[in-house]
Amino acid sequence: MSLKEKTQSLFANAFGYPATHTIQAPGRVNLIGEHTDYNDGFVLPCAIDYQTVISCAPRDDRNVRVMAADYENQLDEFSLDAPIVAHENYQWANYVRGVVKHLQLRNNSFGGVDMVISGNVPQGAGLSSSASLEVAVGTVLQQLYHLPLDGAQIALNGQEAENQFVGCNCGIMDQLISALGKKNHALLIDCRSLGTKAVSMPKGVAVVIINSNFKRTLVGSEYNTRREQCETGARFFQQPALRDVTIEEFNAVAHELDPIVAKRVRHILTENARTVEAASALEQGDLKRMGELMAESHASMRDDFEITVPQIDTLVEIVKAVIGDKGGVRMTGGGFGGCIVALIPEELVPAVQQAVAEQYEAKTGIKETFYVCKPSQGAGQC
């Protein structure tokens, strides 16, 4: 049963009438451009064919009812006429409440809604299940009430909800690609202007995501430390963000910076340049160059930004040994575990899967999870 059929069926059973709309918003994987988003830089993600799906209908009052199919059909109810505060027991409900609350601040011309939510974006894997949920909820209200909001505004609303209501720091990339993704394309995003450019993906190339299943423990504290180090670097150059510093300016005075901060800054500057070049390489179908850029990105994350772990490095090495210069592989996401992403000719996928199955667990004691994805369409009706 598809997520659409599942949520529609549950909706009718729970609420006693049929849903009028079914909305989806996808998860994402970032092909290159890591930790550049909060430095006003460039990222190159694609939406993937794992998504949050919501069957929904407008109500003729001011109440919101939300059922979470993936959490034992837990039900949350709240009113649009009372202050929206955090739910004491259901963390999932706070993503929904946060999106609705921040949407009220932007455009309060919507009424009540019934929703049933289900999703298959792996949680805790760094594939943006939370952004997918935020964008899906925003799109539900936009579609049901014909709100004059575009994808970028729905994305910004989701980011605000996550930062201010849920209380998690995040950049804008995850919500933006979920809202604006394009089938068979990656999206080059300028995280300062929020300008986007669709970049066609070469035919016959699979987007493979492998979860190391190494439990990320440091990611929150270390993420905040990296942000502070980048801000320290920007202040040193008297610029609003590292986006505004050139590699030449950096090289001239790198010795004056704290050595750790210098390494962090170098990663951001080189990663920004790599990301812009990667978009060109992909567009030209130059998988060899894309692979080189992904390898440089991984080395920079490992050595300069210091956010990889041995398990992730091992996974990258196993994949690289199989694909050689026929594709690319690197860690993706915040770091300290999580996933790697690989662009692989479709005919090599079985060999990669076999090599990883034979070697990764033997070397690390952890079993990986392997996903073969298609670059997919952003949020909308399904």
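Cβ coordinates come from backbone N, Cα and C, glycine included.
Feature annotation from Swiss-Prot assigns site 'Transition state stabilizer' to ARG28. Per Swiss-Prot, substrate binding site is recorded for GLU34, HIS35, THR36, ASP37, TYR223. The feature ATP binding site is assigned by Swiss-Prot to GLY124, ALA125, GLY126, LEU127, SER128, SER129, SER130. Annotation comment: Swiss-Prot describes SER130, GLU162 as Mg(2+) binding site, evidence class sequence analysis. Annotation source Swiss-Prot lists active site, proton acceptor at ASP174, citing sequence analysis.
LEU127 (ATP binding site) has none of the binding-site residues GLU34, HIS35, THR36, ASP37, GLU162 nearby, counting only those with a Cα within 10 angstroms of its own Cα.
The Cβ of GLY124 (ATP binding site) has 13 neighbouring Cβ atoms from other residues within 10 Å, across all protein chains displayed.
Across the structure, SER129 (ATP binding site) and ARG28 (site 'Transition state stabilizer') place their CA atoms 8 angstrom apart.
Among the record's substrate binders, GLU34, HIS35, THR36, ASP37, TYR223, no two C-alpha atoms are more than 12 Å apart, and one pair sits at exactly that spread.
Nearest to ARG28 (site 'Transition state stabilizer') in space, judged by Cα atoms and limited to the binding-site residues GLU34, SER128, SER130, is SER128.
Other residues of the chain with a Cβ within 8 Å of the Cβ centroid of GLU34, HIS35, THR36, ASP37, TYR223, the substrate site, are GLY33, TYR38, ASN39, VAL43, GLY171, ARG226, ILE268, GLY334.
Candidate binding-site residues: ALA125, SER128, TYR223. Nearest to GLU162 (Mg(2+) binding site) by Cα distance: SER128. Other residues of the same chain near the ATP site, with their Cβ within 8 Å of the Cβ centroid of GLY124, ALA125, GLY126, LEU127, SER128, SER129, SER130, are GLY27, VAL121, PRO122, GLN123, GLY333.
Cβ neighbour count for ASP174 (active site, proton acceptor): 29 (other Cβ atoms within 10 Å of its Cβ, all protein chains included).
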